[in-house]
């Protein structure tokens, strides 16, 4: 404990990796430490009555540095292949035999009856959220996609992953078949929508009436979306417009005309026109608290509806491409 505290304090004081062998006086004897060149977070520490000489320590750190770098490269390769496989599974590009063979290669012994898909939001996470899972790369597949971190793993690993993310995690029902990945992702998204600060880990199989205003099944999510936002979706699809995305941004910005217009890169008057069109098409007023609540909860269902998610994502891209080319209505 004494040595750990001393090392921790010294690391806080050092902006750069430890460049040389350092001696640490202890209550009984002393210890030596030296940094590993390939990883600034690793130290080689020597304890005991007869400490090795400096030349031996430098030799050991060189050998360890090479091995750590090899393991890092292998881990990066495993994560990359896992991300590619997960994308293939979600897009249904593989026959069952192909999927099971590739899963066995990357996750030997994976039991699909106990495997799940989980999802977390990547907003607010580290710059490299995938790096959080390097210590678990042989036990899961992970993919960063849009604003999401998508994982495939044994169900028993969910708590560990949620703690590593320090963020809410939605978990699907058991996968059972590789071709069920896309459906399992929708289940995980639904579970994530039901998560909150007191329940950061939420499983699809355990959804209850704690948040009755949220859909509790994929079918409910589809119905809520079509009933409230279906007309807007169809209008955007027919006209190449971005009204659904405009509505999302306007409500996310708490109906601030200025903030929403800035985020959409349009003039306030153009936003006013769009909101009036949204009200006409949807039949709901954004001056009504009841209608705003209905629209907001329906937008939450878009996270679970493949049709709606695709339309909202496409609308966002249309906005970005139109940023320098004039307003879109």
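Each residue, glycine too, has its Cβ placed from N, Cα and C.
Feature annotations, courtesy of TrEMBL:
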DOMAIN    243-301  domain 'PucR C-terminal helix-turn-helix'
REGION    310-329  region 'Disordered'
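In the domain 'PucR C-terminal helix-turn-helix' (243-301), the DSSP tally of helix, strand and coil residues is 46 helix, 0 strand, 13 coil. As a whole-number mean, the pLDDT of the domain 'PucR C-terminal helix-turn-helix' (243-301) in this prediction is 91.
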